[in-house]
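Trainee: Before anything else, here's the structure in question.
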């Protein structure tokens, strides 16, 4: 049995809390392995800086292919020392781990040395014999690294699709495709720019790596503590304050880390006990943390690594992706915030005691370096459009300023731990991206993506709603057990073209599949985020999952809002965006109220007619939030009025119930 306070290893393997002092279990690499990871990480970061800033250190100028082979191969090799054959991270690597590390380095050297020849001679289609042998070894190394870093589910999915071209001709329609031999398939995977070293790795080497470095340094220099204190100072004293603090703190840190489970385990260690202390049930405290952490991965400005990969897929500036994702993220967190407020009001839960709250002024004075660094980051990203270099300048500034602050100053031990942590994060993501790239390569080699698109469109007929429902179900299924980035890449290749062919906005479609790929983190039977939080709260995992579905219910509905109404991703005139956002905020608040059975500032939806009233409020909120969507031929005004009419009677009844309850309490 799993200890009640320890996350099950099959659910949270590879995602551990980051401490400011001391080594976490993930950083206890012993002896030479630790130094190899530190040196390898430093050399790789120097390589990245040299490439992105064109410094030409020692006269080194690399073509993109050689650069990606060195970068990807280095972190692939390090992954065998970090994710050891015995399972988990840390400890002493076995001889087999060291052997795989050495072989991976050898393959990397060969691939880097021959990168120019590969490009000029088209080795993805006609590789010489030696190159074929190296590609086979590298191919199996990628699969093994995917298994270690991404888990069994992702490994099985990647393996099936990686070998798919070898039996594509035997698969019945509509899943058949162009068939290749094994020795044709593997070189294509390794030498082509459409497979392992395709769009995902290009985004990693160009932009993502800098933001992962920035996020790790931010956590190590006390950024997590600052944003938690800031949230405490802003909302901690209001009813349900501990949960509202969790929403703010987890949302921000989730955006930086890009990992739901890692975020649950870091911020949840503080937020869940605080929520329990102020009267929240164990399952609700855990569910709140799971929802807040899940939403963080969807929240600009960072959105983990996924936003940058999305920008690469769509060939659009990152800023455009971040701005489009802003309104959906606001809607999700507004729904979660109003749901928590309704939950707290219904149960009379107060905020945190004032003596326990930090003073906002003192928090701002203490945390000015973080505010300044973020201002620089946003200015460089939005004002100067320097997405690749912005995180490096911000990280450098943060490190310099941090050394003048005794509390978080990096000594040699802390610095070493930080570098190891960065290396682990980069090795994990590299292994997953190389593995998922095999899926992309198989679709490219066989033409399966186009076949599936046509089949989905045919099955949906002329119904946009049916196509979206099929897309949502597909995204949910493939999101089970896969990392956020891996899930998005897969769906962007398989599902997005089908939805786009239905006439839907391209950017809205990619955000739609990202959202629906994420819902499995709070939805049983998988619900990895909810299950990880439940182990910290001591609650029943399945009950926590269903509670998370209720609290975060907006995440299931909001994607339909913005994919059918592009104004909700800013793809419309300003006046239309303003009207759509205002309507959506009102509608989302009503939907959350219906799910909680309480309308904030009004009263409870209870009694014999409680459930019918909640249904009316729910559908009224949907109508208000989703006007001009192509499914109902109503204008903004008509849709709003009908929705308001549905909510009118429940609101009046809830207000009367609240007034009666108040009078009875006064008489008592």
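Using N, Cα and C of the backbone, Cβ positions are placed for all residues, glycine too.
Remember, predicted model here, so these are calculated numbers, not experimental data.
According to TrEMBL, the domain 'TRAP C4-dicarboxylate transport system permease DctM subunit' annotation covers 138-571. Taken from TrEMBL, the feature transmembrane segment covers 65-83, 95-113, 125-143, 150-171, 197-218, 296-315, 321-344, 365-384, 507-533, 553-570, 577-599, 634-654 (among others).
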Trainee: Relative to the transmembrane segment (296-315), which of 321-344, 507-533, 553-570, 577-599 accounts for the most Cβ pairs at distances under 8 Å?
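Mentor: Maximum Cβ contact count belongs to 321-344.
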Trainee: Counting Cβ pairs closer than 8 Å, which of 95-113, 150-171, 507-533, 553-570 has the most of them with the transmembrane segment (321-344)?
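Mentor: When the Cβ pairs under 8 Å are tallied, 553-570 comes out ahead.
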Trainee: Of the listed stretches (95-113, 507-533, 577-599), which one yields the highest count of Cβ-Cβ distances below 8 Å with the transmembrane segment (553-570)?
Mentor: 507-533
